Amino acid sequence: MRIHVVDHPLVAHKLTTLRDRRTDSPTFRRLADELVTLLAYEATRDVRTAVVGIETPVAPTTGVRLSHPRPLVVPILRAGLGMLDGMVRLLPTAEVGFLGMVRNEETLEASTYATRMPDDLSGRQVYVLDPMLATGGTLVAAIDLLIQRGADDVTAICLLAAPEGVALMERELAGKPVTVVTASVDERLDENGYIVPGLGDAGDRLYGAAEG
Ligand SMILES: O=P(O)(O)OC[C@H]1O[C@H](OP(=O)(O)OP(=O)(O)O)[C@H](O)[C@@H]1O
Ligand SMILES: O=c1cc[nH]c(=O)[nH]1
Ligand SMILES: [Mg+2]
């Protein structure tokens, strides 16, 4: 597994406002959207392309286009949905699948409540969107499923990560074709499994507190 922490002043600037508790939901949504586009620019450095021939108004030449099969983008509901628009703005032809996952607030175990994506991902390049890599339970389970279905290149884009989650991924996904791209690896997790300093509950800050 590889990890890439994007070191860029615009990323740091947007992340600082995102972390600020005074930032309201509409601003938080806009910043998450802008930030994912910047992270996605780095995360798609190895997106697969094919050489094509074209003609400009002046001369024939060659260029590149995204190759087939198209990349699959998988936001992890709920909070990952806040990253989808920013991602598909950069990859408008990507196919989109959905994974609904929730972490039990006491045990911190992740469970899956919805899966809507192709059964066969053989040879597919997949981009998983989840703002928070905390204990890592959610992303490990999500990526295991994608690899079981045949994905051979998985990149997780996270706004924030905790060292504990990165370590779990390194342990559980060792030797697998997985990359994590994030704006920051923070200090630690607190006793409730929240990233410190973090930004709080990403789902709640995007969409309001969830019941049930
Ligand atoms: O690394 P982990 O310890 O597994 O935690 C990370 C997960 O927790 C949050 O989801 P949450 O369960 O709060 O669901 P939500 O997106 O519906 O708010 C977050 O969006 C991640 O998916
Ligand atoms: O800090 C955290 C940890 C998990 N999920 C969140 O939304 N925030
Ligand atoms: Mg949440």
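Backbone N, Cα and C define each Cβ position, glycine as well.
Where the annotation comes from TrEMBL, it is an automatic prediction and has not been curated.
Less than 8 angstroms from the CB of Ala134 (5-phospho-alpha-D-ribose 1-diphosphate binding site) sit Arg103, Leu108, Ala162, Glu164, Gly165, Leu189, Gly193, Tyr194, Ile195, each of them six or more residues away in the same chain. For Arg78, Arg103, Asp130, Pro131, Met132, Leu133, Ala134, Thr135, Gly136, Gly137, Thr138, Asp201, the entry in TrEMBL reads 5-phospho-alpha-D-ribose 1-diphosphate binding site.
TrEMBL lists Ile195, Gly200, Asp201, Ala202 with the feature uracil binding site. DSSP gives Asp201 (uracil binding site) a coil state; it is part of no helix or strand. The Cβ of Asp201 (uracil binding site) has Tyr194, Ala209 as same-chain neighbours under 8 Å, each 6 or more residues away in sequence.
Within the model, the domain 'Phosphoribosyltransferase' (5-208) carries an average pLDDT of 97. Feature annotation from TrEMBL assigns domain 'Phosphoribosyltransferase' to 5-208.
One way to see the shell of the uracil site is to take the Cβ centroid of Ile195, Gly200, Asp201, Ala202; the remaining same-chain residues with a Cβ within 8 Å of it are Pro131, Met132, Leu160, Tyr194, Gly198, Leu199, Gly203, Asp204, Arg205.
When the binding-site residues Arg78, Ala134, Gly136, Thr138, Ile195 are checked against ligand 2, Ala134, Ile195 have a Cβ within less than 6 Å of one of its atoms. The candidate set comprises the binding-site residues Gly136, Gly200. Of these, Gly136 has the most other Cβ atoms within 10 Å.
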